[in-house]
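**Student:** Handing you this structure, nothing more for now.
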Amino acid sequence: MRQALPLVTRQGDRIAIVSGLRTPFARQATAFHGIPAVDLGKMVVGELLARSEIPADAIEQLVFGQVVQMPEAPNIAREIVLGTGMNVHTGAYSVSRACATSFQAVANVAESLMAGTIRAGIAGGADSSSVLPIGVSKALARALVDVNKARTTRQRLTLFSRLRLRDLLPVPPAVAEYSTGLRMGDTAEQMAKTYGITREQQDALAHRSHQRAAQAWAEGKLAEEVMTTYVPPYKNPFAEDNNIRGTSTLADYAKLRPAFDRKHGSVTAANSTPLTDGAAAVILMTESRAKELGLRPLGYLRSYAFTAIDVWQDMLLGPAWSTPLALERAGLTMADLTLFDMHEAFAAQTLANLQLLGSERFAREVLGRAQATGEVDDAKFNVLGGSIAYGHPFAATGARMITQTLHELRRRGGGFGLVTACAAGGLGAAMVLEAE
């Protein structure tokens, strides 16, 4: 094992995660229909600051992400600063690492803290699958540029006359990988077949996720970390995630047809995460700054790791690659963890990663490591459910997982937790958290 890399400032301060908050997560075109991601981001950051009672000018940086970006607000981070009453001099920039975007935002703020350029910052992400950048065809886009440069009406009419009817149809955002043309669900199907993961196993994991998420809400475990929102026409509050199937039975999952490989597949809408709207954010500070402000941190960032692999096969194995690296940098092993939380993009992807984390062969032949990362104890795994139940607003999921894991660690008396996610483009992320 390589030497651990402590995440501390030049003065020896740990990176404290002071608080975290998210909106309820809403299925596409439901509670947040028509609400753009930038407004969701403003909601959560504004409420986070109000609850924390931290002076707005104490926040020196805001790093925020959005995967499905809107052309009219390309820097969502700066719009949030300007729309929440924060100090206009607060530095703000946007990041994107697909489904690991808020992991990246947290890492960036942590690096600024370690460099000593700031003492407090906010990281997070927001996405809306209900407000999408519907585009135009390449032919129409080119014609519009040429028309703008045309000097006469005749030239403009000539340019438009070259267009076909299909060129005028709207173009929705792509759901496939740009480099391969594969959808993430196609990769999930490939991984299910490659690693022998059955439909029954996938449905069982999805059912487990929903049952545990429903139980977490019923026991009041999420109330502190999820805000109540009000959206037009402001008649009813929206306070709880609306994707969770608390009353479903395992038999209900078997009724759905495969969504990607319709003849021989096993990946369905029920054992995959749904398209979702929502936002989440966390406040990070140096440990000494938190003490100055009289704040008790939720916990601390112990380590993080980002990885990248090939996109043609096993593209969603990011957790199996990034987890051992994050553990190594933290100076820990799988046995040291109190909690292990993995983003459930698909049940097939989740089960494949769990399988390979415990595989000696994968460790030796693929990772070049002497031994397996370690089996994940079911009693520590996604104990409050996961993304299949809560939903997955792409850029917000990491911040949800971090906040949720730290609160649960605190309820258990402290310890270490690891959060990890796969992401489009063969990317992976993992972070080790510590609570006292």
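The backbone N, Cα and C atoms fix where each Cβ goes, glycine too.
Worth saying up front: this structure is predicted, and the values here are computed from it rather than measured.
Checked Swiss-Prot, it gives:
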type: ACT_SITE; residues: CYS99; note: active site, acyl-thioester intermediate
type: ACT_SITE; residues: HIS392; note: active site, proton acceptor
type: ACT_SITE; residues: CYS422; note: active site, proton acceptor
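For the listed features, I'd like the structural context: burial, neighbours, distances.
**Tutor:** Just so you know, the Cβ of CYS99 (active site, acyl-thioester intermediate) picks up 31 other Cβ atoms within 10 Å once every protein chain is counted.
According to DSSP, HIS392 (active site, proton acceptor) is assigned to a strand segment. Around the Cβ of HIS392 (active site, proton acceptor), the number of neighbouring Cβ atoms within 10 Å comes to 26.
Listed in sequence order, CYS99, ALA100, MET315, LEU316, LEU317, GLY318, PRO319, HIS343, ALA345, GLN349, ASN353, GLY428 are the same-chain residues at least 6 apart in sequence whose CB falls under 8 Å from the CB of CYS422 (active site, proton acceptor).
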